[in-house]
Amino acid sequence: MFLSCWCPTAVLLLLALVGPDVFTLARPLRLAERDQPAVQKGVTVPLGRRRVVRRDAASSGLGDFADLFYTVEVQVGNTSTAVNLDTGSSDLWVKSSDCHTTTCRSSTSVAYSATTFQSSGASVDLHYGDSTSGTQASGPVGFDSVGIAGLTVTDQPFAAVNRTNNSAVQYGGAGILGLGFPAQSFVQAAVINLEFNTPLTTDAFVSSIDSLGPVVSRLVQTGAITQPMFSISLQRDTIDVSGHGQLTIGQLPAGVDNSSVTWVPVRLYSPADGGLNPPTFAPDETYPLRWEVPIDAVFLDGQELPASTEQPQGVDSSVVSALIDTGNSLMRGPQDIVNSVLSSVSPAYAADSSAAPVLPCSSAHTLAFQIGGTLFPVDPRDFVSPNSTGDAETCVADNLVATDPPSVGTLFSWSLGDPFLKSNMVVFYYGNLSHPSVDPPRMGFMSVVPSNASLLLQDAISSAQQDGGVFSSTVDVAPTPGASSNTVVPTPPISTGASSATPTSGQGSVSSSHPAAATLPASSHLPNGTSPLRAFGSLWFSAFSTIVLLFCCI
């Protein structure tokens, strides 16, 4: 565990299918048709900066806590509060006024007032962490209106958490806004499980994405946004305060056109890889599981690094891929490659791998990832952190750590978190949620690293030296959203032929843990790494491994 990180774990399996035999979908727009900005159906949320101060890098504040937590303001019922952006999970949860754990009591964020909460009778128990760390969030699942940047979704299922020790809550957020795909949604699974309990409920699940799915997935399905995408850029609040973080939903950010973005396909998972078994109304489709893309190569200071020799656990090693995860405050990669990089930049680490990878702050290094044939570097200012308060001479390369090798259900070798996203704007394009072969999911990348980044690092060091060795940091507050201007009214659930089953005690509970598991129904446990959706299918697979979403744990 590293002092400057936090680590939630959640299952991330992409499923987004609504069969043509259930209802008719509008013709999906090809990417070329989406080049023009759709102002009426796209919104941008700035991750605002309040003021710049000179202080320890561990400064607290909403919006951006020391480049570890990035929050956005949401309106849940009558409560306006800040939640963490997370592309590594799908569910929305907020701490409620009934949460009295030590973490909740010490939180500065506004708790959800459950006066408008409509209980579903279901509950979730989400466990976040990897094999060495973990946090937890649990509580009832219900419905309320949810608004973000003027877009409001009515009757949105979410968890009103009444018990958590999650670090995001302790350091300025009230919960998590998951931006992943519906198949990783334990909230949706919990609600569906109360209504369906037959082999056909996988079909029922995917046909209810428009009414019971995650927030942004519902915006996509209901046509509330013109383009099925969102983009994220993160500001830099440590070492050298700069950048303007924002979340843009439904269009490319202002000033960005399609020609400046490198587009690559999201990796698809076959059932043998731990992917989804296709529903009966789309038997030939193969689906993605997470925001994961192939990477061509990795470079350090312009030199291509050798391929990892670590052996994957029962999966094809011919494709190297990376999970793009805003909830991860670090970059994680294969143990041998990480050791090689740290040994190259830190003589102390080269001599003793148990030592901290310290190095002179002035020795600028660039770690770059080749994606879609284009190099996307990590700014030298994002590669290192201050080693101690008052010391602008010695830094530590603690933003790069090792992760587990690929395995069934977790094919990625790298998890690229906030250091990468501070250096690169990333577009997350859902495509056709029902038939991905028609309009495949993809991701777009655009580097925002200036050509003089190394000089800017030197300037930041000089400035810190003149200020007692303290690098600049800032306090950011997630801006309060304006009045909602577009309301999404959910479509009533559509029957797929599955019979409703009267739930018995405990059947409405879904749990993810490490190892990830869901309880659907009570007394039946899913194998490690299994999507909550697999509880609804007619087949169960026991070969899935734990899906670890690698966030840094404080």
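Glycine is no exception: its Cβ is also placed from the backbone N, Cα and C atoms.
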Cys104 pairs with which of Cys7, Cys99 in a disulfide, per TrEMBL?
-> Cys99
Smallest number of other CB atoms within 10 Å: among the active-site residues Asp86, Asp325, that is Asp86
Neighbour count (Cβ, 10 Å) for Cys104 (disulfide bond) | 23
When distances run from the Cα of Asp325 (active site) to each of the recorded positions Asp86, Cys99, Cys104, the nearest one = Asp86
Students should find that the Cα atoms of Cys104 (disulfide bond) and Asp86 (active site) sit apart, in Å rounded to an integer, by 20
Assigned element (helix, strand, coil) containing Cys99 (disulfide bond), judged by DSSP = coil
Can you give the mean pLDDT for the domain 'Peptidase A1' (70-446), rounded to a whole number?
-> 89
